[in-house]
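Asker: Here it is: the structure, laid out below.
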Amino acid sequence: MRHLKLTGFIFFLLPLTESLALPTKPQDVDHFNATQKFIDENTTYLAIIAFSQYVQEASFDEVETLVKVMLDYRDRCWADNTLPECSKTANDAIQDMLCDMEGLPQKHNFSHCCGKAGFPRRLCFFYNKKANVGFLPPFPTLDPEEKCQAYKNNSESFLHLYMYEVARRNPFVFAPVLLAVAAWFEEAATTCCEQQQKATCFQAKAAPITQYLKASSSYQRNVCGALIKFGPKVLNSINVAVFSKKFPKIGFKDLTTLLEDVSSMYEGCCEGDVVHCIRSQSQVVNHICSKQDSISSKIKVCCEKKTLEREACIINANKDDRPEGLSLREAKFTESENVCQERDSDPDKFFAEFIYEYSRRHPDLSTPELLRITKVYMDFLEDCCSRENPAGCYRHVEDKFNETTQRSLAMVQQECKQFQELGKDTLQRHFLVKFTKAAPQLPMEELVSLSKEMVAALTTCCTLSDEFACVDNLADLVLGELCGVNTNRTINPAVDHCCKTDFAFRRHCFEHLKADTTYELPSVSALVSALHTDWCQPRKEDLQNKKHRFLVNLVKWMPGITDEEWLCLFTKFTAAREECSEVQEPESCFSPESSKTGDESQATEKQR
């Protein structure tokens, strides 16, 4: 390919020092050299990703100016890498360039970051990223003919602009994913622009690219949120569960070594350090492929692919078969007399090994459920090990595991039952109401997006054999989007509590959330009047958006409304919309208690 070459990982600013250890084995040296091989065309892409993700508001012209600064800097360091400025890490150099561009920090409100140095500055830039990109204009779309003409006129500029638009709308997506997306998009443009049916071709090619980007974004944001809010121990627990389920024959010692590379990868990638992210991900993939015989029989084809394609292939590869003779229980954690002593001697290693053994034996469970069981086990041992007869106590811990799993399973069964009975549209309205009750502070666009994601999760999973793990995993990712990546995101006390108290049990926490009643309630008549005016306002707008806004406003103003009440009102407004006639007897939708609440609210309003 002309611009994005998938034959090796892209690396730039070679003279800059990085924190990863230098390899010593010949095969590792070869891989390291391949990773460090500089491909000049791709310097621009990595720079665009970094600048666009750190300052999403920056214009394309501003990003292009910064890229030129980067290229000049690279050339100076190539010519003389002993210059003091060339000893910086790539990420520090990138942030220096952002801060040094005249007027840019003030214009885009990140000057407070430029007053910091080192880790505090890197963290500040990270916290400055915005997951909700509603402040950006809609993604620019071109007619397929115009798109192809622009691509033929100047393919490099066309692809640079595409990379800029995608990167700033996906500020937490790792650089290797964005590079792969851009490469696939270039392949699509090259192919489709030669076709008669260009629009059909682009649609077919775009679907898997969009799906890959969306899935990667959701998972990476969730894991980075866990790292930022709960620290490296929770991140390690997630990775132990994920890798043990996928590669059940890997030994615990080998897994521990692999996860050292994985943890390093997430630290750099989550922070937005594009160079560290690419290099460390390359190291993880190389580690897996160099030991594939002892890790998995399912990844041989993946390891033969081009480097950027390997990761996606390994992620999507089937789970390896459970080793023969592996029992469903590991006795050392429930039957041994020395459980408490082993826990006390090295708690981190002990519980990591527990997750490893339990996960490889129960690949049917979701990652969140495996973390819940681990938390139950930790709490149970805390109690048992303080008793006179600990062994007699913790022998019954399996009962607690089963109770926890049954609670989670019941939630999934209820959600899939709703999916089967309600249909997609009604189900989305159900979740829209549910999310709005819990978090009325969120903008409508975000609430609609969350409800769509839940419906998509159930649509994907509720007909599968591994329904439970699939739904629980994807539903947890939706909550990860609600909670956000940054520690400084706050919604309301109840939601914040669920998001920040216990990563493993946040889904259970959300399930029991009541409506946030801190919102003020207008009278029923004022509510109906406002909703009717909005409903009948002539706008060039999709009817579905009006329906969504109707429900969101209804619930924001009346958080105590029941399912029957909002459904009744929704039906009445829908029936009246054709002629925008008066809504017939809207008050009849409300129970006496609801009417009373509305009257009390009206009385309160008069007192102000």
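Cβ atoms are placed via backbone N, Cα and C, with glycine included.
What you are looking at is a predicted structure, and each value in this text was computed from that prediction instead of being measured.
Features from Swiss-Prot:
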- 1-21: signal peptide (SIGNAL)
- 22-210: domain 'Albumin 1' (DOMAIN)
- ASN33: N-linked glycosylation site (CARBOHYD)
- CYS77-CYS86: disulfide bond (DISULFID)
- ASN109: N-linked glycosylation site (CARBOHYD)
- CYS113-CYS124: disulfide bond (DISULFID)
- ASN153: N-linked glycosylation site (CARBOHYD)
- CYS192-CYS201: disulfide bond (DISULFID)
- 211-403: domain 'Albumin 2' (DOMAIN)
- 215-319: region 'Binding pocket for hydrophobic ligands' (REGION)
- CYS224-CYS270: disulfide bond (DISULFID)
- CYS269-CYS277: disulfide bond (DISULFID)
- CYS289-CYS303: disulfide bond (DISULFID)
- CYS302-CYS313: disulfide bond (DISULFID)
- CYS340-CYS385: disulfide bond (DISULFID)
- CYS384-CYS393: disulfide bond (DISULFID)
- ASN402: N-linked glycosylation site (CARBOHYD)
- 404-599: domain 'Albumin 3' (DOMAIN)
- CYS416-CYS462: disulfide bond (DISULFID)
- CYS483-CYS499: disulfide bond (DISULFID)
- ASN488: N-linked glycosylation site (CARBOHYD)
- CYS580-CYS589: disulfide bond (DISULFID)
- 583-608: region 'Disordered' (REGION)
Asker: Using ASN402 (N-linked glycosylation site) as the reference point, find which of the recorded positions CYS86, ASN109, CYS124, CYS289 has the shortest Cα-to-Cα distance to it.
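Answerer: The smallest Cα gap between ASN402 (N-linked glycosylation site) and any of the recorded positions is with CYS289.
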Asker: Which residues of the same chain, at least 6 positions away in sequence, have a Cβ lying under 8 Å from the Cβ of CYS224 (disulfide bond)?
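Answerer: For CYS224 (disulfide bond), the qualifying residues are PHE172, TYR266, CYS269, CYS270, VAL485.
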Asker: Round to a whole number and give the Cα-to-Cα distance in Å for the pair CYS86 (disulfide bond) and CYS384 (disulfide bond).
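Answerer: Their Cα atoms are separated by 56 Å.
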Asker: With DSSP, how much of the region 'Binding pocket for hydrophobic ligands' (215-319) is helix, how much strand and how much coil, in residues?
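Answerer: DSSP composition of the region 'Binding pocket for hydrophobic ligands' (215-319): 86 helix, 0 strand, 19 coil.
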Asker: What three-state secondary structure does DSSP assign to CYS462 (disulfide bond)?
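Answerer: In three-state terms, CYS462 (disulfide bond) counts as coil.
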Asker: In whole Å, how far does the CA atom of CYS289 (disulfide bond) lie from that of CYS302 (disulfide bond)?
Answerer: 8
Asker: How many Å lie between the Cα of CYS384 (disulfide bond) and the Cα of ASN488 (N-linked glycosylation site)?
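Answerer: Checking the Cα atoms of CYS384 (disulfide bond) and ASN488 (N-linked glycosylation site) gives a distance of 37 Å.
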Asker: I need the CA-to-CA distance for CYS303 (disulfide bond) versus CYS201 (disulfide bond), whole Å please.
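Answerer: Given the Cα positions, CYS303 (disulfide bond) is 29 Å from CYS201 (disulfide bond).
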Asker: Please compute the mean pLDDT of the model over the region 'Binding pocket for hydrophobic ligands' (215-319).
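Answerer: In the predicted model, the region 'Binding pocket for hydrophobic ligands' (215-319) has a mean pLDDT of 91.
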Asker: Tell me whether ASN109 (N-linked glycosylation site) sits in a helix, a strand or coil according to DSSP.
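Answerer: The residue in question, ASN109 (N-linked glycosylation site), is coil (DSSP, three-state).
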Asker: Give me the count of other Cβ atoms within 10 A of the Cβ belonging to CYS113 (disulfide bond).
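Answerer: I get 22 for this one.
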Asker: Whole-number Å only: compute the distance from the Cα of CYS113 (disulfide bond) to the Cα of CYS201 (disulfide bond).
Answerer: 44
Asker: With Cβ-Cβ distance below 8 Å and at least 6 positions apart along the chain, what are the contacts of CYS416 (disulfide bond)? List them in sequence order.
Answerer: LEU458, CYS461, CYS462, GLU467, VAL471
Asker: Pick out which of the disulfide-bonded residues CYS313, CYS499 has the most other Cβ atoms within 10 Å of its own Cβ.
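Answerer: The residue with the most neighbouring Cβ atoms within 10 Å is CYS499.
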Asker: In terms of Cα spacing, which of the recorded positions ASN153, CYS201, CYS302, CYS393, CYS483, CYS589 are within 10 angstroms of CYS385 (disulfide bond)?
Answerer: CYS393
